[in-house]
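What follows is a single structure, written as structure tokens, with notes after it.
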Amino acid sequence: MPSNSTKILLLITLVSGMLVSVSSNSWIGAWMGLEVNLMSFIPLMSNIKNMYNTEASLKYFIVQVLASATLLFMVVMKTVTEDLFTLTNVGTPYTPMIVCTPLLLKSGAAPFHWWFPGVMEGLSWENCGLLMTIQSAAPMMLMSYLIEINPFMLSIILASTIVGAIGGLNQTSMRKILTYSSINHTGWMLMALITGDNMWMMYFAVYSTLVLTVLSVIKLSSVSFINQTMMTNKETKLMKFMMFTSLLSLGGLPPFLGFLPKWFIIQAMTMNKLMPMATMMVIASLITLYYYLKISYSSFMILTTEPKWNNQSHKNSTNKNISAMILSSISLTGAMLCTIITWTN
């Protein structure tokens, strides 16, 4: 793990690589931005004192290099055969499918998600947050230049939502549950890209806020597996309540903030006559809600069992507690926002 000054420098170059990629006017410039982003994230992941971190960083490096090399080869090949040097020129009808495939591998969408759970399992919570949010932003914004409603993209979206829903059913690790939830949200974000860039930006902002909320509360509670959520102290009931309300908001339960962007996307899909697709995506989201409720249902009951012998004290800093409470309160504002938007319309 690098020192604090090195970590700040790497984070700056990581965000700079993403900005270079999304603001470039050619595919070569976008590829260079993705490479800068990758080379900044690898030192943040690796830790010589932790074998799992090193293994995860090596897996991530191999997969991302494979995707980057494929993207560069496709872009150079299509530039030679067609005029694909600029981002706006699409070329043949198969060009979006060819160029989007390595970008889908970079963002971890199904069926290119095979590396995602293994990498997430070996990372710290901060790097998990970076991998689920910032690292998927640049590939998706590049896909927005090429994405359109076609059978290939609709099948990718449907596969992402279904794999993200079913894959998390049998998991006990919180990291893997959040991984499969991220794959499910990737399907929703790809559908948001089809409906419009503004829709994707709103969904990504809400999703990043909810992921930050969940990770901050989980890190304060020192929880890595489901059974550890029941082992917290009686003094940390507020922390437990914040964790589970944030998880339900991330799953898209209607009173919370996470339902708001999904509601907008469902409306846009209805206007574009994609009702069967919307129905299947909503059913997949209900499955994700099931395994979130499975975690939190027993703690929401009045009569809950808590061990008396667990006397471990959680002495966290006040600033972290306050930030987690503020983020959790933001995730609870969904009902108010839905009411205001409905009333104004």
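Every residue, even glycine, has its Cβ placed from backbone N, Cα and C.
TrEMBL labels come from automatic prediction, so no person has curated them.
For the signal peptide (1-24), the list of distant contacts is 30-41, 43-44, 47, 49, 53, 87, 130, 134, 137-138, 141-142: same-chain residues at least six beyond its ends, Cβ to Cβ under 8 Å. Sequence annotations record features per position, and here TrEMBL assigns signal peptide to 1-24.
Here TrEMBL flags 24-288 as domain 'NADH:quinone oxidoreductase/Mrp antiporter transmembrane'.
What TrEMBL lists as transmembrane segment is 58-76 (among others). Counting same-chain residues at least six beyond the ends of the transmembrane segment (58-76), those with a Cβ under 8 angstroms from any Cβ of the stretch are 27-28, 31, 34-35, 38, 41-42, 45, 84, 98-99, 101-103, 105-106, 115, 118-119, 122, 131.
Here the transmembrane segment (96-116) has Cβ contacts under 8 Å with residues 27, 34, 59-60, 63-64, 66-68, 70-71, 74-75, 78, 84, 90, 135-136, 139-140, 142-143, 146-148, 150, 152-153, 156, 159-160, 162-164, 179, 182-183, 186-187, 190 of the same chain, all six or more residues outside its ends. Positions annotated as transmembrane segment by TrEMBL: 96-116 (among others).
Taking Cβ pairs closer than 8 Å, the transmembrane segment (152-170) reaches residues 96-97, 100, 104, 109-111, 113, 117, 176-177, 179-188, 190-191, 194, 277, 280-281, 284-285, 287-288, 290-291 in its own chain, all 6 or more past its ends. The transmembrane segment annotation in TrEMBL covers 152-170 (among others).
The annotation transmembrane segment is assigned in TrEMBL to 177-194 (among others). Long-range contacts of the transmembrane segment (177-194) within its own chain (CB-CB distance under 8 A, at least 6 residues past either end) are made by residues 107-110, 113, 116-117, 120-121, 128, 132, 136, 140, 143-144, 147-149, 153, 156-161, 163-165, 167-168, 171, 200, 202-204, 207, 211, 214-215, 226, 250-251, 261-262, 265, 269, 277, 281, 284-285, 288, 291, 295.
Annotation comment: TrEMBL describes 200-220 (among others) as transmembrane segment. Note on the transmembrane segment (200-220): residues 125-126, 128-129, 132-133, 137, 140, 144, 174, 178, 182, 185, 188-189, 192-193, 239, 242-243, 246-247, 249-250, 257-258, 260-261, 264-265, 314, 316, 320-321, 323-324, 327-328, 330-331 of its chain, located 6 or more positions outside it, place their CB under 8 angstroms from a CB of the stretch.
Feature annotation from TrEMBL assigns transmembrane segment to 241-261 (among others). Sequence-distant contacts of the transmembrane segment (241-261) (same chain, at least 6 residues past either end, Cβ-Cβ under 8 Å): 181, 188, 192, 199, 202-203, 206-207, 209-211, 213-214, 217-218, 221, 223, 229, 285, 288-289, 292-293, 295-296, 299-300, 324-325, 327-328, 330-335, 337-338, 341.
Remote same-chain residues near the transmembrane segment (273-293) are listed as 149, 154, 157-158, 161-162, 164-166, 168-169, 171, 177, 180-181, 184, 187-188, 191, 247-248, 250-253, 262, 266 (criterion: CB distance under 8 Å, separation of at least six residues from the stretch ends). Annotation source TrEMBL lists transmembrane segment at 273-293 (among others).
Per TrEMBL, transmembrane segment is recorded for 322-343 (among others).
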